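Student: So Swiss-Prot lists these for the protein:
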ACT_SITE  D154  active site, proton acceptor
BINDING   V31, G32, S33, G34, A35, Y36, G37, Q38, V39, K54  ATP binding site
DOMAIN    25-312  domain 'Protein kinase'
MOD_RES   T184  phosphothreonine
MOD_RES   Y186  phosphotyrosine
Amino acid sequence: MSVSITKKFYKLDINRTEWEIPDIYQDLQPVGSGAYGQVSKAVVRGTNMHVAIKKLARPFQSAVHAKRTYRELRLLKHMDHENVIGLLDIFHPHPANGSLENFQQVYLVTHLMDADLNNIIRMQHLSDDHVQFLVYQILRGLKYIHSAGVIHRDLKPSNIAVNEDCELRILDFGLARPTENEMTGYVATRWYRAPEIMLNWMHYDQTVDIWSVGCIMAELITRRTLFPGTDHIHQLNLIMEMLGTPPAEFLKKISSESARSYIQSLPPMKGRSFKNVFKNANPLAIDLLEKMLELDAEKRITAEEALSHPYLEKYAEPSVEQTSPPYDHSFEDMDLPVDKWKELIYKEVTNFKPPPSYAQVLKDVK
């Protein structure tokens, strides 16, 4: 790991990628990488506070990349809820220069969480009380996200982070889209994906996230993936085996003729009893699962309704289950060249103000 110090920023090499970051962030250690960036953990100088820093990969490589960068930035800036990941800081090298020409990199700083639900499921058996608390926090975060007019669309155990106090945050908004837009294509990991996305219905709503929560909750209870499909068809078959083949009135709602024909070609299936599948589970947990894993999205429970379900009564506190101001997604309809997206991103970065508590940390460090 090579390091060269400049006045405020310093450079270091992490996994053969050059990082250039403010010197208040020290002891960087890589924690993960993907198609859209690398993440390292860091210590805020002079404190014992740890943060996560994400270096966006090729943010201005194309108009598609740049729009995605803008989307992720806007969503993270909008979110202000203790169960949803939000931005602590944004930076780019050469801020003093103030030139768009030198604006080539974007780094996002967020809370560092100890583990994700994947780790938790693999490491330990969770008590019913633990499951209640985790599911409550997921739904509390989702109520906030949905009230902003946003669908997450990629909820899965690895996108839900937990710290040692069992406090939870929903992560990874890069793929989220506003609810009003029609959306297509591959998004969520198949195992947690609602059937209406898989069947390519154009008009789906926020309850696709509730289906995902149902799959996650089932996994928290049993420590096994509920619908581990090897492909779309296998996935759909597993769902039908569990829930039964849908009635004719439901089939009429499916806009995809091929999906409708396929379901009609299946032998009639009665479905399995949730009580038999989740043999030792709290009966109230089973009731909530049945309401979340409802094939008909119009009948599926919402996040707000689920929060008042008797299973979560111990933790329910409507006065702190806040909603969000509407998220402005008008830019989604914009088709701009890279340079224009870059200008918009630069404006968002330079206008950013850290949350008050973190602003105080930064002030004390300086």
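Using the three backbone atoms N, Cα and C, a Cβ is placed for every residue, glycine included.
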Student: Just to verify a number: CA distance, D154 (active site, proton acceptor) to V31 (ATP binding site), in angstrom, no decimals.
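Tutor: Between the alpha carbons of D154 (active site, proton acceptor) and V31 (ATP binding site) there are 20 Å.
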Student: Near V39 (ATP binding site), how many other Cβ atoms are within 10 Å of its Cβ?
Tutor: 16
Student: If you draw a 10 Å sphere on the Cβ of D154 (active site, proton acceptor), how many other Cβ atoms land inside?
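Tutor: Counting Cβ neighbours of D154 (active site, proton acceptor) within 10 Å gives 21.
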Student: Return the residues near G37 (ATP binding site) by Cβ distance under 8 Å, restricted to its own chain and a separation of at least 6 in sequence.
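Tutor: Set apart from G37 (ATP binding site) by at least 6 residues yet with Cβ under 8 Å, we have K54, K55, L56, A57.
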Student: Taking 10 A as the limit, how many CB atoms besides its own sit near the CB of V31 (ATP binding site)?
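Tutor: Its Cβ shell of radius 10 Å holds 14 other Cβ atoms.
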Student: In three-state terms from DSSP, label V39 (ATP binding site) for me.
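Tutor: V39 (ATP binding site) sits in a strand per DSSP.
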